[in-house]
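Asks: To start, I am sharing the structure in question, which I have written as structure tokens.
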Amino acid sequence: MTGAEEWKLSMGLEDTVPARLHEHGEASWTAERSHVCSIRQANDSAGALPVAGKPEPMARSLASAPVSPWHHMDRGSTTPAKARSHSASYHCPSSSQICVPGVGSPSAGYGDVPGASGHRPNLLSWPPALSRKESFLILTAHNRLRSRVHPPAANMQRMDWSESLAQLAEARAALCVTSVTPNLASTPGHNSHVGWNVQLMPMGSASFVEVVNLWFAEGLQYRHGDAECAHNATCAHYTQLVWATSSQLGCGRQPCFVDQEAMEAFVCAYSPGGNWDINGKTVAPYKKGTWCSLCTARVSGCFKAWDHAGGLCEVPRNPCRMSCRNLGHLNISTCRCHCQPGYTGRYCQVRCSVQCVHGQFRKEECSCICDVGYGGAQCATKVGFPFHTCDLRIDGDCFMVSPEADTYYGAKMKCQGKGGVLAQIESQKVQDILAFYLGRLETTNEVTDSDFETKNFWIGLTYKAAKDSFRWTTGEHQSFTSFAFGQPDNQGFGNCVEMQASAAFNWNDQRCKTRNRYICQFAQKHYSRWEPGP
């Protein structure tokens, strides 16, 4: 690149943002516009972010913070982002994150940069895969930065490296000039909820850790109290990096040419992914509070390294302090008893007939699961679908939050009477969105029933004696869990599960006679077949 060349970065939006790059000697770039920030700026910004216990005025740092033109992009969009360089187009491989041709000073970690003196670099001599040391440094950087968020996070989890996610990231980085996403379904242990951070940089201009610092520097523009990014800025890389419930990380780097310019694609994959929004409002990436104060039961330990500002939730070394009765088997990884037939309860200490007209009888639940279009205790009542009462939709399913309170089985019957079931939360995505929504309801919504006892909400999970485990109302096994720290703990008496307001709406086992509000769910397969009422 000689002289001054203009890059026009179009992301398929109405606005096109110019950024003029100049070469000042070998392998040194600067930018005239604040839309593209240097790696040195990013590192300085990351270091300038307030640390818990050392708050700094956010306004002081905003002037030097990186600003990006892609703040209007929908984080949940499936439309591939596009970028243009020298009037030639290429497709970034990210759909939910932004692929940015950034600029910066050369990284000392790379030594002599191929192509720095102006000749075309040999990509075959460039190491494409991350070494074990680089992977360790990237993971360490993520955990260190996650421990430095401000305000401090009460539920931030420690991340572990995933080779399967790293392979996904390598594959996506290799597709530098295409919008095709790797097949997530072929990756063992990961569902489709995978988050992405993608960055395209001039070759040799940055190490991977510096790119991670660049993403974290976007936090200067993020207002956690409003769950919003500053005007004319993007924070999508930052919010995914510090998404509290993302616990698995894998990254990849690949060299490539973009319009004859040597570039590097930096990609990180996160599971479970984040950056969800609800009714156009983005969900906050973590819960504010004292470090590790809202860890779930699965990650009840608190990890803090020497260079961490705060603690991160992790799996404790000795998670179980219990035993199972009546020949029950204790699963150490889940801290749950698997009971012999005929026994149930948390410790297998508890030793149920209903005629179902239009439905199936579930022995574990001692109740009916109604066919589509029918409700009531015996599934004998034909019901119409209440389309107008959906409070929110998640992945096609309808969720209704009750204004009144009832016992668990009273709530179950009321949902069933409308043709639905108590909510089944089977992924981190649904948990995050519901917790965010209920948190806003807590201060804005009025309860019509004045005798409710708590601000908690029943979901369709109960402890089944015959199965010696928690099961959903439909009888399905509970594969996803979000129990609060120290829960479940009611020793067989709290067999029903609620979303607990005081624990950031993580789960708590509760006595089924407690009066709570509740959440009804109508699956897409149900209302797509529903017969309209008269």
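Placement of Cβ uses the backbone N, Cα and C atoms for every residue, glycine included.
According to Swiss-Prot, the protein has these features:
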REGION    47-88  region 'Disordered'
DOMAIN    139-270  domain 'SCP'
DOMAIN    316-349  domain 'EGF-like'
DISULFID  Cys324-Cys337  disulfide bond
DISULFID  Cys339-Cys348  disulfide bond
DOMAIN    394-521  domain 'C-type lectin'
DISULFID  Cys415-Cys520  disulfide bond
DISULFID  Cys496-Cys512  disulfide bond
Asks: Other than its own, how many Cβ atoms are within 10 Å of the Cβ belonging to Cys415 (disulfide bond)?
Replies: 25
Asks: Per DSSP, Cys337 (disulfide bond) is which: helix, strand or coil?
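Replies: Strand, per DSSP.
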Asks: Under the DSSP assignment, what numbers of helix, strand and coil residues are found in the domain 'C-type lectin' (394-521)?
Replies: 30 helix, 40 strand, 58 coil
Asks: Rounded to the nearest Å, what's the C-alpha distance separating Cys415 (disulfide bond) and Cys496 (disulfide bond)? Just drop the number here, would you?
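Replies: A Cα-Cα distance of 16 Å.
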Asks: I want to verify one value. Collapsing DSSP to three states, which class is Cys348 (disulfide bond)?
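Replies: For Cys348 (disulfide bond) - judged by DSSP and reduced to three states - the answer is coil.
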Asks: Checking the disulfide-bonded residues Cys339, Cys496, Cys512, Cys520, which are within 10 Å of Cys324 (disulfide bond) at the Cα level?
Replies: Cys339
Asks: Could you find out if DSSP has Cys324 (disulfide bond) as helix, strand or coil?
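Replies: DSSP call for Cys324 (disulfide bond): coil, neither helix nor strand.
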Asks: Taking each of Cys337, Cys496, Cys512, Cys520 in turn, which of these disulfide-bonded residues have a Cα lying within 10 angstroms of the Cα of Cys348 (disulfide bond)?
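Replies: Among Cys337, Cys496, Cys512, Cys520, the ones whose Cα sits within 10 Å of that of Cys348 (disulfide bond) are Cys337.
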Asks: For Cys496 (disulfide bond), which residues in the same chain are close in space, meaning a Cβ under 8 Å from its Cβ, but six or more apart along the sequence?
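Replies: Set apart from Cys496 (disulfide bond) by at least 6 residues yet with Cβ under 8 Å, we have Tyr408, Trp458, Leu461, Thr462, Tyr463, Asp509, Gln510, Arg511, Cys512, Thr514.
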Asks: Drop a 10 Å sphere on every Cβ of the disulfide-bonded residues Cys324, Cys337, Cys348, Cys520 and tell me which sphere holds the fewest other Cβ atoms.
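Replies: Selected from the disulfide-bonded residues Cys324, Cys337, Cys348, Cys520 on minimum Cβ neighbours within 10 Å: Cys324.
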Asks: Using DSSP, what is the helix/strand/coil residue split across the domain 'SCP' (139-270)?
Replies: 43 helix, 37 strand, 52 coil
Asks: So how many other Cβ atoms are close to Cys339 (disulfide bond), meaning within 10 Å of its Cβ?
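Replies: Around the Cβ of Cys339 (disulfide bond), 27 other Cβ atoms lie within 10 Å.
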Asks: What does the structure give for the C-alpha distance between Cys337 (disulfide bond) and Cys520 (disulfide bond)? Integer Å is fine.
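Replies: Approximately 28 Å lies between the Cα of Cys337 (disulfide bond) and that of Cys520 (disulfide bond).
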Asks: For Cys512 (disulfide bond), list the number of other Cβ atoms lying within 10 Å of its Cβ atom.
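Replies: Neighbour count, Cβ to Cβ under the 10 Å cut-off: 20.
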Asks: Any idea what the Cα distance is from Cys339 (disulfide bond) over to Cys520 (disulfide bond), rounded to a whole Å?
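Replies: Distance between the two Cα atoms comes out at 29 Å.
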